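**Student:** Please find one structure pasted underneath; my questions will follow.
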Amino acid sequence: MIPCIWPTTFFFLIWLCNDVTSKRNHTLKPRVVLPENYVKEIRPPSRKGQPVVVEFSIYVVDVNSINVEDMDFRVDMFIRQTWRETRLQLPEDIFEEGDDHVTLPPEFFDNLWHPDPYFLNSKVTEIAELTHKFSSVTLYRNQTVRYAARMHAIIACQMEFQLYPMDIQSCPIYIESFSYSNQKVRFKWSDAGVTINPELKLLQYHIGEPLRLEETNGYMIDKDGNYSRLVVYFRFERQIGHHLIQTFAPSSLVVMLSWFSFWLDLDAIPGRVTLLVTCMLTLVTMFTGLRADIPPVAYVKALDLWMAGCMMFVFAALGEFVVVKVLDKQYQMNKSKAQESMPRIIPVRLNGEKGSCGTVAAWEGSAVRCRKVDLTSPTSPPATTPAVHPAPGAPTHLVGVERRQSILQVAWLDADTGQERVLWREIDKLSRVVFPALFLLFVTMYWPVLLLKTKASS
């Protein structure tokens, strides 16, 4: 009995010791062994109380995809950072004879202390690569380190479109240190600064030069400190040539085309209405297409004022046609009433005796003419004695009671020529001069004001 208990007790003690040992190893944290020079690598190579000066230079290779809908642009560039690492011990055998620098692979950059700049207003930032990342590290004999890389970045830009399509967009790029405050690291533009590729061409924009560079300190609330910041402002000036050909010239021709309706007679109602409505629909379609090119902003743009002015002129021409048509209808109504109220010319024998001379009254228009006739002799010459003399050349159908009772005088007699003048015809003649004159005034006011505002904003 006792020999059977000893093996069982022995195995139980072994299991208990293994369990306690495993729990102790599980609760203890592994010990981190720091290399001897680890403190030197994580600290900036600066003297006490003096920050490390990091010089920046940028060479802009290309600027493309200026997206006004998302309000950003993409820039391809070479970026260079230069600073002094005084803790480096550089052996002489790494330099070739006659050289004062050596280029090392990018992996060496991970073993050095390096600043941590980032683009504050970037949406996407990446280093270009083909088979490997396009970056390099160069060490100089005077312990200067230069890091260079080819980068792609999509930069957000708060654009303003009040002067569109003659707007000028000022888009900054903010470069700031992420971890080190301005007491540890200070960024500075080098002598090269920011250079733009001289062969760079944009489709709708022109990059204004020279670029404006700034060195500031920005207070970051989330990090509770002041951080060194570099700013470069890109100035994108929109070229007006595209919109002159695609927008301003066609809309002006459409407005001029609507003036042809003033030379069409009112009998050509289908042609006149079709011309004006087609002009209005053309402008609306053109305006709708232009609004798709820019984001739906809440304020009025310069192009909105131009298109609204053109549509107002075409709409006014359409309203003028409605007015003259109503006046012509009133004119025709008065004319019809005057003709209906005129009796036929009926001779009346005032003296019924045979062989005597009587008087015949006849209605002519709205006037009464009386003449003496010899009732016995049909061949005797009549001697007319007018009782009522209308004005020379007066239209007899408009001198009646209906014309005098009309509120609006749709026709009248010219005092000089004595000819009939109709109101709707006079309005058409006046519109042939007034509409072009007003449009010319609109153009002469629009462009100088727009140019002055564009110059003031620049």
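Yeah, the Cβs are placed from backbone N, Cα and C, and that goes for glycine too.
Bear in mind that TrEMBL entries carry predicted annotations, made automatically and left uncurated.
Feature list, courtesy of TrEMBL:
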| type | residues | note |
| --- | --- | --- |
| SIGNAL | 1-22 | signal peptide |
| DOMAIN | 34-239 | domain 'Neurotransmitter-gated ion-channel ligand-binding' |
| TRANSMEM | 248-266 | transmembrane segment |
| DOMAIN | 248-339 | domain 'Neurotransmitter-gated ion-channel transmembrane' |
| TRANSMEM | 273-294 | transmembrane segment |
| TRANSMEM | 306-327 | transmembrane segment |
| TRANSMEM | 433-452 | transmembrane segment |
**Student:** Can you name the far-off residues of the same chain, 6+ from the ends of the transmembrane segment (248-266), with a Cβ under 8 Å from a Cβ of it?
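**Tutor:** Distal contacts: 272, 275-276, 279, 282-283, 286, 306-307, 310, 313-314, 317-318, 320-321, 324-325, 328, 424, 428, 431-432, 435-436, 439, 443.
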**Student:** Can you give me the average pLDDT across the domain 'Neurotransmitter-gated ion-channel ligand-binding' (34-239), rounded to a whole number?
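**Tutor:** So the average pLDDT across the domain 'Neurotransmitter-gated ion-channel ligand-binding' (34-239) works out to 86.
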**Student:** Taking residues 6+ outside the transmembrane segment (433-452), which of them lie with a CB under 8 Å of any CB in it?
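**Tutor:** Counting only partners 6 or more residues beyond its ends, the transmembrane segment (433-452) has Cβ contacts under 8 Å with 163, 166, 252, 255-256, 259, 262, 302, 305-306, 309, 313, 316-317.
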**Student:** Please count the residues of the domain 'Neurotransmitter-gated ion-channel transmembrane' (248-339) that DSSP assigns to helix (H, G, I), strand (E, B) and coil.
**Tutor:** 77 helix, 0 strand, 15 coil
